[in-house]
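Here is what Swiss-Prot records for this protein:
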ACT_SITE  Lys191  active site, proton acceptor
BINDING   Ser14, Phe15, Arg35, Lys108, Ala140, Arg255, Val279, Glu281  NADPH binding site
BINDING   Lys108, Gly136, Lys191, Asp244, Ser254, Arg255, Asn256  sn-glycerol 3-phosphate binding site
Amino acid sequence: MTTQQPVAVLGGGSFGTAIANLLAENGHQVRQWMRDPEQAEAIRVNRENPRYLKGIKVRPEVEPVTDLTAALEVSELIFVALPSSALRSVLSPHIERLSGKMLVSLTKGIEAQSFKLMSQILEEIVPQARIGVLSGPNLAREIAEHALTATVVASEDEDLCQQVQAALHGRTFRVYASNDRFGVELGGALKNVYAIIAGMAVALDMGENTKSMLITRALAEMTRFAVSQGANPMTFLGLAGVGDLIVTCSSPKSRNYQVGFALGQGLSLEEAVTRLGEVAEGVNTLKVLKVKAQEVQVYMPLVAGLHAILFEGRTLSQVIEALMRAEPKTDVDFISITGFN
(Lines of atoms letter the chains of each structure in order from A and count residues from 1; the text may use other names and numbers.)
(Lines give C-alpha, C1' and ligand atoms only; values in the text may rest on other atoms or scores of the structure.)
Protein backbone atom coordinates (compact mmCIF):
# COMPACT_ATOMS: atom_id res chain seq x y z
CA MET A 1 0.00 0.00 0.00
CA THR A 2 1.24 3.49 -0.84
CA THR A 3 -0.06 6.93 -0.02
CA GLN A 4 -1.26 7.11 -3.66
CA GLN A 5 -3.57 4.13 -3.19
CA PRO A 6 -6.98 5.03 -1.76
CA VAL A 7 -8.02 3.73 1.64
CA ALA A 8 -11.67 2.86 2.32
CA VAL A 9 -13.61 3.68 5.47
CA LEU A 10 -17.00 1.99 5.69
CA GLY A 11 -19.49 3.94 7.79
CA GLY A 12 -20.60 7.55 8.06
CA GLY A 13 -20.63 7.85 11.85
CA SER A 14 -18.44 9.91 14.15
CA PHE A 15 -15.59 7.42 14.54
CA GLY A 16 -15.44 6.51 10.87
CA THR A 17 -15.29 10.20 9.99
CA ALA A 18 -12.56 10.91 12.55
CA ILE A 19 -10.44 8.04 11.18
CA ALA A 20 -11.06 9.15 7.59
CA ASN A 21 -9.76 12.62 8.48
CA LEU A 22 -6.65 11.17 10.13
CA LEU A 23 -5.89 9.11 7.03
CA ALA A 24 -6.33 12.19 4.85
CA GLU A 25 -4.00 14.23 7.05
CA ASN A 26 -1.36 11.55 6.49
CA GLY A 27 -1.54 11.91 2.72
CA HIS A 28 -4.09 9.25 1.77
CA GLN A 29 -6.98 9.61 -0.60
CA VAL A 30 -9.97 8.22 1.32
CA ARG A 31 -13.23 6.75 0.07
CA GLN A 32 -15.72 7.01 2.95
CA TRP A 33 -18.75 4.87 2.17
CA MET A 34 -22.18 5.52 3.67
CA ARG A 35 -25.70 4.36 2.80
CA ASP A 36 -27.42 7.76 2.91
CA PRO A 37 -27.02 9.78 -0.32
CA GLU A 38 -28.16 12.96 1.45
CA GLN A 39 -25.49 12.56 4.12
CA ALA A 40 -22.84 11.94 1.47
CA GLU A 41 -23.93 15.02 -0.48
CA ALA A 42 -23.95 17.19 2.67
CA ILE A 43 -20.36 16.16 3.45
CA ARG A 44 -19.29 16.64 -0.17
CA VAL A 45 -20.77 20.15 -0.39
CA ASN A 46 -20.24 21.50 3.13
CA ARG A 47 -17.15 19.44 4.16
CA GLU A 48 -18.82 18.61 7.46
CA ASN A 49 -20.67 15.61 8.93
CA PRO A 50 -23.42 17.56 10.73
CA ARG A 51 -25.23 14.51 12.06
CA TYR A 52 -22.28 12.98 13.90
CA LEU A 53 -19.35 15.45 14.03
CA LYS A 54 -20.86 18.90 13.80
CA GLY A 55 -18.29 21.67 13.63
CA ILE A 56 -15.44 19.44 12.40
CA LYS A 57 -14.17 20.13 8.89
CA VAL A 58 -13.85 17.02 6.71
CA ARG A 59 -10.68 17.25 4.66
CA PRO A 60 -10.92 17.51 0.86
CA GLU A 61 -9.00 14.21 0.46
CA VAL A 62 -12.02 12.42 1.99
CA GLU A 63 -14.52 11.55 -0.72
CA PRO A 64 -17.95 10.50 0.60
CA VAL A 65 -19.39 7.78 -1.64
CA THR A 66 -22.47 5.57 -1.79
CA ASP A 67 -21.08 3.08 -4.32
CA LEU A 68 -19.61 0.36 -2.10
CA THR A 69 -18.36 -1.75 -5.00
CA ALA A 70 -16.24 1.08 -6.39
CA ALA A 71 -14.80 1.93 -2.95
CA LEU A 72 -13.77 -1.67 -2.28
CA GLU A 73 -12.27 -2.34 -5.69
CA VAL A 74 -9.67 0.44 -5.43
CA SER A 75 -8.65 -0.15 -1.78
CA GLU A 76 -6.39 -2.75 -0.17
CA LEU A 77 -6.79 -1.32 3.36
CA ILE A 78 -10.39 -1.06 4.55
CA PHE A 79 -11.52 0.28 7.93
CA VAL A 80 -14.92 -1.10 8.94
CA ALA A 81 -16.93 1.29 11.13
CA LEU A 82 -20.36 -0.18 10.48
CA PRO A 83 -22.99 -0.84 13.16
CA SER A 84 -22.74 -4.44 14.35
CA SER A 85 -26.28 -5.11 13.14
CA ALA A 86 -25.35 -4.12 9.57
CA LEU A 87 -22.04 -5.95 9.21
CA ARG A 88 -23.30 -9.15 7.59
CA SER A 89 -25.87 -7.57 5.26
CA VAL A 90 -23.47 -4.92 3.95
CA LEU A 91 -20.38 -7.08 3.40
CA SER A 92 -21.75 -10.52 2.45
CA PRO A 93 -22.46 -9.54 -1.20
CA HIS A 94 -18.81 -8.47 -1.63
CA ILE A 95 -16.88 -11.57 -0.53
CA GLU A 96 -14.82 -11.83 -3.73
CA ARG A 97 -13.87 -8.14 -3.69
CA LEU A 98 -12.77 -8.38 -0.04
CA SER A 99 -10.76 -11.58 -0.36
CA GLY A 100 -7.07 -11.04 0.43
CA LYS A 101 -7.59 -7.44 1.54
CA MET A 102 -6.89 -5.92 4.97
CA LEU A 103 -10.09 -5.41 6.98
CA VAL A 104 -9.71 -3.50 10.24
CA SER A 105 -12.74 -3.41 12.52
CA LEU A 106 -13.47 -0.19 14.41
CA THR A 107 -16.78 -1.43 15.88
CA LYS A 108 -16.98 -2.37 19.57
CA GLY A 109 -19.74 -4.89 20.05
CA ILE A 110 -20.80 -8.50 20.49
CA GLU A 111 -23.31 -10.32 18.28
CA ALA A 112 -26.12 -11.46 20.57
CA GLN A 113 -27.00 -14.77 18.90
CA SER A 114 -23.46 -16.10 18.57
CA PHE A 115 -21.41 -14.10 21.12
CA LYS A 116 -19.02 -13.34 18.28
CA LEU A 117 -16.91 -10.20 18.16
CA MET A 118 -16.90 -8.06 15.03
CA SER A 119 -13.56 -9.32 13.72
CA GLN A 120 -14.77 -12.90 14.13
CA ILE A 121 -17.81 -12.05 12.02
CA LEU A 122 -15.53 -10.49 9.38
CA GLU A 123 -13.46 -13.69 9.43
CA GLU A 124 -16.60 -15.74 8.94
CA ILE A 125 -17.86 -13.60 6.06
CA VAL A 126 -14.50 -13.34 4.28
CA PRO A 127 -12.24 -16.26 5.32
CA GLN A 128 -9.49 -15.16 2.93
CA ALA A 129 -9.26 -11.58 4.22
CA ARG A 130 -6.52 -10.28 6.52
CA ILE A 131 -8.24 -9.22 9.74
CA GLY A 132 -7.35 -6.70 12.43
CA VAL A 133 -9.03 -4.50 15.03
CA LEU A 134 -8.43 -0.97 16.28
CA SER A 135 -9.40 -0.20 19.87
CA GLY A 136 -8.48 1.99 22.81
CA PRO A 137 -9.49 5.14 24.73
CA ASN A 138 -10.65 6.85 21.57
CA LEU A 139 -13.48 9.38 21.81
CA ALA A 140 -14.21 10.36 18.21
CA ARG A 141 -14.63 14.10 18.76
CA GLU A 142 -11.38 14.36 20.69
CA ILE A 143 -9.54 12.56 17.87
CA ALA A 144 -11.11 14.94 15.35
CA GLU A 145 -10.09 17.93 17.50
CA HIS A 146 -6.50 16.63 17.66
CA ALA A 147 -6.38 15.87 21.36
CA LEU A 148 -3.33 13.70 22.06
CA THR A 149 -4.58 10.14 21.64
CA ALA A 150 -3.21 6.60 21.53
CA THR A 151 -4.80 3.42 20.23
CA VAL A 152 -3.97 -0.24 19.59
CA VAL A 153 -4.08 -2.15 16.32
CA ALA A 154 -4.29 -5.87 16.99
CA SER A 155 -3.80 -8.78 14.61
CA GLU A 156 -1.85 -12.00 14.26
CA ASP A 157 -0.73 -10.46 10.94
CA GLU A 158 2.36 -8.36 11.79
CA ASP A 159 2.48 -6.72 8.36
CA LEU A 160 -1.13 -5.57 8.72
CA CYS A 161 -0.28 -3.96 12.08
CA GLN A 162 2.68 -2.16 10.54
CA GLN A 163 0.63 -0.88 7.61
CA VAL A 164 -2.11 0.43 9.90
CA GLN A 165 0.50 2.11 12.10
CA ALA A 166 2.03 3.79 9.05
CA ALA A 167 -1.38 4.89 7.75
CA LEU A 168 -2.69 6.41 10.99
CA HIS A 169 0.28 7.43 13.12
CA GLY A 170 0.63 11.21 13.29
CA ARG A 171 1.56 14.16 15.48
CA THR A 172 -1.49 13.75 17.75
CA PHE A 173 -2.40 10.08 17.17
CA ARG A 174 -0.08 7.28 18.31
CA VAL A 175 -0.70 3.67 17.24
CA TYR A 176 0.64 0.74 19.25
CA ALA A 177 0.51 -2.90 18.10
CA SER A 178 -0.63 -6.15 19.70
CA ASN A 179 -1.00 -9.75 18.56
CA ASP A 180 -3.87 -10.40 21.03
CA ARG A 181 -6.70 -9.50 18.68
CA PHE A 182 -9.32 -11.27 20.78
CA GLY A 183 -8.28 -9.59 24.05
CA VAL A 184 -8.05 -6.11 22.54
CA GLU A 185 -11.46 -6.42 20.92
CA LEU A 186 -13.12 -8.00 23.94
CA GLY A 187 -11.89 -5.18 26.17
CA GLY A 188 -13.51 -2.64 23.88
CA ALA A 189 -16.85 -4.43 24.00
CA LEU A 190 -16.98 -5.27 27.72
CA LYS A 191 -16.11 -1.84 29.13
CA ASN A 192 -19.41 -0.39 27.88
CA VAL A 193 -21.28 -2.33 30.58
CA TYR A 194 -19.21 -0.82 33.36
CA ALA A 195 -19.60 2.71 31.99
CA ILE A 196 -23.31 2.42 32.81
CA ILE A 197 -22.45 1.55 36.41
CA ALA A 198 -19.97 4.44 36.59
CA GLY A 199 -22.54 6.91 35.31
CA MET A 200 -25.00 5.78 37.96
CA ALA A 201 -22.39 6.24 40.69
CA VAL A 202 -21.64 9.81 39.60
CA ALA A 203 -25.34 10.73 39.43
CA LEU A 204 -25.77 9.44 42.98
CA ASP A 205 -22.69 11.37 44.17
CA MET A 206 -21.13 8.22 45.57
CA GLY A 207 -17.66 9.70 46.01
CA GLU A 208 -14.20 9.18 44.57
CA ASN A 209 -13.44 6.07 46.64
CA THR A 210 -16.54 4.38 45.26
CA LYS A 211 -15.80 5.31 41.65
CA SER A 212 -12.23 4.06 42.01
CA MET A 213 -13.46 0.79 43.51
CA LEU A 214 -15.98 0.29 40.69
CA ILE A 215 -13.44 0.89 37.91
CA THR A 216 -10.84 -1.36 39.53
CA ARG A 217 -13.27 -4.21 40.21
CA ALA A 218 -14.66 -3.78 36.69
CA LEU A 219 -11.15 -4.33 35.34
CA ALA A 220 -10.86 -7.48 37.46
CA GLU A 221 -14.16 -8.81 36.10
CA MET A 222 -13.29 -8.01 32.49
CA THR A 223 -9.91 -9.68 32.79
CA ARG A 224 -11.29 -12.75 34.56
CA PHE A 225 -13.90 -13.26 31.85
CA ALA A 226 -11.48 -12.58 28.98
CA VAL A 227 -8.94 -15.09 30.29
CA SER A 228 -11.69 -17.72 30.50
CA GLN A 229 -12.21 -17.14 26.77
CA GLY A 230 -8.51 -17.40 25.89
CA ALA A 231 -7.32 -13.77 26.01
CA ASN A 232 -4.01 -12.63 27.51
CA PRO A 233 -4.57 -10.93 30.91
CA MET A 234 -1.69 -8.53 30.24
CA THR A 235 -3.70 -6.99 27.38
CA PHE A 236 -6.06 -5.52 29.95
CA LEU A 237 -3.27 -3.49 31.54
CA GLY A 238 -2.88 -1.57 28.28
CA LEU A 239 -4.80 0.98 26.24
CA ALA A 240 -7.49 -1.44 25.07
CA GLY A 241 -8.21 -2.57 28.64
CA VAL A 242 -7.70 -0.16 31.52
CA GLY A 243 -7.18 2.78 29.13
CA ASP A 244 -10.52 2.37 27.39
CA LEU A 245 -12.24 1.52 30.68
CA ILE A 246 -11.05 4.74 32.35
CA VAL A 247 -12.13 7.08 29.56
CA THR A 248 -15.51 5.39 29.11
CA CYS A 249 -16.24 5.32 32.84
CA SER A 250 -15.20 8.92 33.47
CA SER A 251 -16.37 10.87 30.43
CA PRO A 252 -19.86 12.38 30.07
CA LYS A 253 -19.22 12.11 26.31
CA SER A 254 -19.68 8.32 26.57
CA ARG A 255 -23.17 7.18 25.56
CA ASN A 256 -23.12 4.35 28.08
CA TYR A 257 -22.06 6.72 30.86
CA GLN A 258 -24.95 9.01 29.89
CA VAL A 259 -27.45 6.15 30.19
CA GLY A 260 -26.09 5.23 33.62
CA PHE A 261 -26.22 8.86 34.75
CA ALA A 262 -29.88 9.08 33.70
CA LEU A 263 -30.66 5.84 35.56
CA GLY A 264 -28.96 7.26 38.65
CA GLN A 265 -31.22 10.30 38.39
CA GLY A 266 -34.24 8.02 38.67
CA LEU A 267 -35.21 7.50 35.04
CA SER A 268 -36.25 4.07 33.79
CA LEU A 269 -34.09 2.31 31.21
CA GLU A 270 -36.60 3.17 28.50
CA GLU A 271 -36.60 6.84 29.53
CA ALA A 272 -32.80 6.91 29.69
CA VAL A 273 -32.44 5.46 26.20
CA THR A 274 -35.09 7.88 24.88
CA ARG A 275 -33.16 10.81 26.34
CA LEU A 276 -29.98 9.56 24.65
CA GLY A 277 -31.76 9.14 21.33
CA GLU A 278 -30.11 5.80 20.53
CA VAL A 279 -29.39 2.48 22.22
CA ALA A 280 -26.14 2.40 24.17
CA GLU A 281 -24.02 -0.63 23.28
CA GLY A 282 -23.56 -1.56 26.93
CA VAL A 283 -27.25 -2.35 27.40
CA ASN A 284 -27.23 -5.07 24.74
CA THR A 285 -23.79 -6.31 25.77
CA LEU A 286 -25.00 -6.67 29.36
CA LYS A 287 -27.74 -9.09 28.33
CA VAL A 288 -25.48 -11.45 26.41
CA LEU A 289 -22.60 -11.14 28.87
CA LYS A 290 -24.77 -12.13 31.84
CA VAL A 291 -25.85 -15.31 30.04
CA LYS A 292 -22.33 -16.14 28.87
CA ALA A 293 -20.79 -15.58 32.32
CA GLN A 294 -23.28 -18.02 33.84
CA GLU A 295 -22.64 -20.51 31.05
CA VAL A 296 -18.86 -20.53 31.57
CA GLN A 297 -19.19 -20.06 35.36
CA VAL A 298 -17.17 -16.85 35.66
CA TYR A 299 -17.78 -14.73 38.76
CA MET A 300 -19.00 -11.28 37.60
CA PRO A 301 -20.90 -9.62 40.47
CA LEU A 302 -21.05 -6.15 38.88
CA VAL A 303 -22.56 -7.57 35.70
CA ALA A 304 -25.06 -9.61 37.71
CA GLY A 305 -25.91 -6.59 39.86
CA LEU A 306 -26.50 -4.22 36.94
CA HIS A 307 -28.58 -6.86 35.17
CA ALA A 308 -30.70 -7.20 38.33
CA ILE A 309 -31.34 -3.44 38.36
CA LEU A 310 -32.16 -3.07 34.67
CA PHE A 311 -34.05 -6.27 33.96
CA GLU A 312 -35.02 -8.00 37.22
CA GLY A 313 -36.72 -5.23 39.18
CA ARG A 314 -34.06 -4.89 41.89
CA THR A 315 -33.21 -1.50 43.36
CA LEU A 316 -29.72 -0.05 43.39
CA SER A 317 -29.62 -0.05 47.19
CA GLN A 318 -30.53 -3.76 47.29
CA VAL A 319 -27.78 -4.62 44.83
CA ILE A 320 -25.16 -2.51 46.64
CA GLU A 321 -26.04 -4.16 49.94
CA ALA A 322 -25.68 -7.62 48.39
CA LEU A 323 -22.35 -6.70 46.78
CA MET A 324 -20.91 -5.33 50.02
CA ARG A 325 -22.05 -8.39 51.99
CA ALA A 326 -20.49 -10.86 49.54
CA GLU A 327 -17.46 -12.76 50.72
CA PRO A 328 -14.30 -10.78 49.83
CA LYS A 329 -12.08 -12.44 47.24
CA THR A 330 -8.40 -11.83 46.50
CA ASP A 331 -7.60 -8.44 45.00
CA VAL A 332 -5.82 -9.65 41.85
CA ASP A 333 -6.84 -13.00 40.38
CA PHE A 334 -3.49 -13.75 38.78
CA ILE A 335 -1.30 -13.34 41.87
CA SER A 336 -0.91 -16.47 43.98
CA ILE A 337 -1.90 -16.23 47.68
CA THR A 338 -0.35 -19.55 48.65
CA GLY A 339 2.31 -17.64 50.58
CA PHE A 340 -0.21 -16.36 53.14
CA ASN A 341 0.57 -17.45 56.72
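Note: Cβ is positioned from N, Cα and C throughout, glycine not excepted.
Overlay of Swiss-Prot feature records on the structure.
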residue	record	contacts (Cβ under 8 Å, 6+ apart)
Phe15	NADPH binding site	Ala81, Leu106, Asn138, Ala140, Ile143
Arg35	NADPH binding site	Gly12, Thr66
Lys108	NADPH binding site	Met118, Ser135, Glu185, Gly188, Ala189, Asn192, Glu281
Lys191	active site, proton acceptor	Ala218, Met222, Asp244, Leu245, Thr248, Cys249
Ser254	sn-glycerol 3-phosphate binding site	Leu139, Ala195, Gly199, Val247, Thr248
Asn256	sn-glycerol 3-phosphate binding site	Asn192, Val193, Ala195, Ile196, Gly199, Thr248, Ala280, Glu281, Gly282, Val283
Using all protein chains in view, find how many other C-beta atoms are within 10 Å of the C-beta of Glu281 (NADPH binding site). 24
Please report the number of other Cβ atoms within 10 Å of the Cβ of Asp244 (sn-glycerol 3-phosphate binding site). 28
Using only the residues recorded as binding sn-glycerol 3-phosphate (Lys108, Gly136, Lys191, Asp244, Ser254, Arg255, Asn256), report the maximum Cα-Cα distance in Å, whole number please. 16
Tertiary neighbours of Gly136 (sn-glycerol 3-phosphate binding site) (same chain, Cβ under 8 Å, six or more apart): Thr149, Ala150, Thr151, Val152, Gly188, Leu239, Ala240, Gly243, Asp244
So what sits near Ser14 (NADPH binding site) in its own chain, CB-to-CB under 8 Å and at least six residues off in sequence? Asn49, Tyr52, Leu53, Ala140, Arg141, Ala144
